[in-house]
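Data block below; observations after.
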Amino acid sequence: MLKEHLLKKLNEQVNFEFYSSYTYLAMASYAESMDLSGIANFFRIQAQEELFHAMKLYDYIFQKGGTVELDTIEKPDSNYNGIVDLFKKGYEHEQLVTSRIYSLVDIATEEKEHATLSLLRWFVDEQVEEENNFNTLLKKISKSVDNPAALYMLDTELAARVFTAPSSSENA
């Protein structure tokens, strides 16, 4: 059974992952409105990943005998100052997610909740990948924003991205 404080924080993270999905859908919508369907696809896939993360935490809470408490999902920001700003805000959002995961690790460590630490290790590794992906794309977007051919190539590259749920061995 999870201790009350950790359970509360895990529930907050479940809801934040749903908010993250909603945020990436807003970003996809913005990209779509700019006729950048590949970039929109990238953000739609990000939204799917965040739903997967929410459900991973959701399932874990129940496995540990807890109850998931869903909350209202806040309306995400949909004001972007161009495509570079869109990726900058995406990168900043991933940095926020990372800080929240680290906070959960700290709480689980304090409470000697080893099973939760094992779960959170997966999220820590995921966040390293997410921040790296956004940082790389932000650099590419920044270089290509004034070059229509380069932007078109990047948009085409991102159109090929698909969501693949991690295998059960990665889903520990």
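Including glycine, each Cβ sits where the backbone N, Cα and C put it.
TrEMBL annotations: computationally assigned, not manually curated.
Taken verbatim from TrEMBL:
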| type | residues | note |
| --- | --- | --- |
| DOMAIN | 1-145 | domain 'Ferritin-like diiron' |
| BINDING | Glu17, Glu50, His53, Glu94, Gln127 | Fe cation binding site |
Fe cation site shell beyond Glu17, Glu50, His53, Glu94, Gln127, criterion: Cβ within 8 Å of Cβ centroid: Ser20, Glu49, Val97, Phe123, Glu126, Glu130
Number of other Cβ atoms within 10 Å of the Cβ of His53 (Fe cation binding site) across all protein chains: 24
Confidence summary for the domain 'Ferritin-like diiron' (1-145), mean pLDDT rounded: 97
Neighbouring C-beta atoms (10 Å sphere around the C-beta of Glu50 (Fe cation binding site)): 23
Cβ atoms near Gln127 (Fe cation binding site) (within 10 Å, other residues, all chains): 19
